[in-house]
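*Asks:* One structure, pasted below without further comment.
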Amino acid sequence: DLTYYTPEYQTKDTDILAAFRMTPQPGVPAEEAGAAVAAESSTGTWTTVWTDGLTTLDRYKGRCYDIEPVPGEENQYIAYVAYPLDLFEEGSVTNMFTSIVGNVFGFKALRALRLEDLRIPPAYPKTFIGPPHGIQVERDKLNKYGRPLLGCTIKPKLGLSAKNYGRAVYECLRGGLDFTKDDENVNSQPFMRWRDRFLFVAEALFKALAETGEIKGHYLNATAGTSEEMMKRARFARELGAPIVMHDYLTGGFTANTSLAFYCRDNGLLLHIHRAMHAVIDRQRNHGMHFRVLAKALRMSGGDHIHAGTVVGKLEGEREVTLGFVDLLRDDYIEKDRSRGIYFTQDWVSMPGVIPVASGGIHVWHMPALTEIFGDDAVLQFCGGTLGHPWGNAPGAVANRVALEACVQARNEGRDL
């Protein structure tokens with residue numbers, strides 16, 4: 001049905017725009033594939049139905065308005081689709097994804113399909129709360145300025161008792177870290193129930209705070225099997241006076257995540273977001289969804305921190321692409337820049353920013369590169385890079401803090417990192 005391919009269409013400021021990387025089956029023309037994507041992800045179905053006459057499809061249909069071949073790839077195209085804003089429920093990332101990526105990825109005429117980027121018009125984010133607090137409010141709450149923040153995931157991630165877990169938290173925070181973190185798989189298992197962990201961690205937080213004079217946090221993982229249980233854990237964290245809780249937003253789901261974000265804003269809790277399961281969705285180059293789309297969705301659904309890869313030691317091109325979605329998380333206005341993987345100019349207007357978290361395989365020798373790449377508004381998480389120190393956890397934390405302060409001072413003095 002080629003009525004969904006409309007190259008003459010002028011996109012509206014209120015449209016949601018999507019860039020899909022399409023690989024059609026052999027023999028299927030690109031225009032036909034692009035039209036099929038637009039139809040299946042909006043008002044179309046596999047046949048003409050008489051009830052189409054009861055609505056104005058021209059007002060509600062998605063339109064494929066541009067198709068460009070991908071240079072260097074055989075039979076691969078970027079298809080641009082515009083969706084009228086009325087197709088989406090206000091304040092629901094869940095509904096946005098159900099529409100745009102819900103069904104179309106299993107389409108027979110396509111060999112593969114990947115959602116590369118979305119342009120969210122300012123009218124739509126205005127219906128979301130977004131991050132519970134955002135970067136500036138977080139700095140004010142923590143009273144920490146002019147440098148990246150330091151974190152560490154407590155390992156071994158599974159198997160410690162609550163008491164020993166709390167001890168590891170205390171040692172890291174006492175040594176100089178700002179945050180420690182529950183691993184994403186730490187929920188409430190037989191060897192360590194969530195309530196016991198929360199209690200011992202709270203004790204560690206306040207002891208470290210009293211001895212260092214710095215505000216300390218531990219990402220208490222509230223992720224649970226039901227959203228009611230998740231809220232119960234968040235409430236208990238607040239009752240203990242903890243400054244921050246954590247959620248696995250992809251495994252926990254956007255609906256639960258947005259509920260938790262509302263609770264965190266109402267109750268002064270920061271919200272740390274882990275992206276467990278993201279590689280299932282974003283790892284394949286030609287099928288699935290790019291992480292920058294998941295990052296934009298999280299900024300709308302709500303979170304103050306999100307894991308965003310490390311950049312260090314990878315290819316240069318990957319560095320640019322990672323910095324592209326790091327900017328999408330932090331900045332108000334991001335210009336279209338294809339070299340950084342940004343297909344559309346994105347204007348967030350006044351929505352608070354999210355702090356990117358660099359985590360996984362980094363250690364103290366990466367500090368100069370990390371401070372240069374990420375700047376101040378980031379959390380640098382050294383897991384094995386703290387707990388793997390030959391002298392113990394606290395000296396590992398000291399090493400990271402000293403390295404960070406040295407790099408920040410060198411940068412401020414204008415030296416070459």
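In case you wondered, yes, glycine gets a Cβ from its N, Cα and C as well.
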*Asks:* Look at the substrate binding annotation in Swiss-Prot, where ASN103, THR153, LYS157, ARG275, SER359 are given, and name the residue from HIS218, HIS307 listed for that site too.
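*Replies:* Within the candidate list, Swiss-Prot flags HIS307.
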*Asks:* So which of the recorded positions is most packed in, judged by how many other Cβ atoms lie within 10 Å of its Cβ, out of LYS157, HIS274, HIS307?
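*Replies:* Highest number of other Cβ atoms within 10 Å: HIS274.
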*Asks:* Express in Å, rounded to the nearest integer, the largest CA to CA distance found among the substrate-binding residues ASN103, THR153, LYS157, ARG275, HIS307, SER359 named in the record.
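*Replies:* Those residues reach a largest Cα separation of 37 Å.
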*Asks:* Between the Cα atoms of ASP183 (Mg(2+) binding site) and LYS157 (substrate binding site), find the distance and write it as a whole number of Å.
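*Replies:* So the alpha carbons of ASP183 (Mg(2+) binding site) and LYS157 (substrate binding site) sit roughly 6 Å from each other.
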*Asks:* Using Cβ atoms only, which residues of the same chain lie under 8 Å from SER359 (substrate binding site) while being at least 6 residues apart in sequence?
*Replies:* GLY151, THR153, HIS307, THR310, VAL379, GLN381, CYS383
*Asks:* Please report the distance from the Cα of LYS181 (N6-carboxylysine) to the Cα of HIS274 (active site, proton acceptor), rounded to the nearest angstrom.
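*Replies:* Each residue's Cα considered, LYS181 (N6-carboxylysine) and HIS274 (active site, proton acceptor) end up 10 Å apart.
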*Asks:* Just going by other Cβ atoms within 10 Å, which of the recorded positions LYS155, LYS181, ARG275 has the emptiest spot?
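*Replies:* Selected from the recorded positions LYS155, LYS181, ARG275 on minimum Cβ neighbours within 10 Å: LYS155.
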*Asks:* Give me the non-local Cβ neighbours of GLU184 (Mg(2+) binding site): same chain, 6+ apart in sequence, Cβ-Cβ under 8 Å, ordered along the sequence.
*Replies:* ASN221, THR223, ASP248, HIS274, ALA276
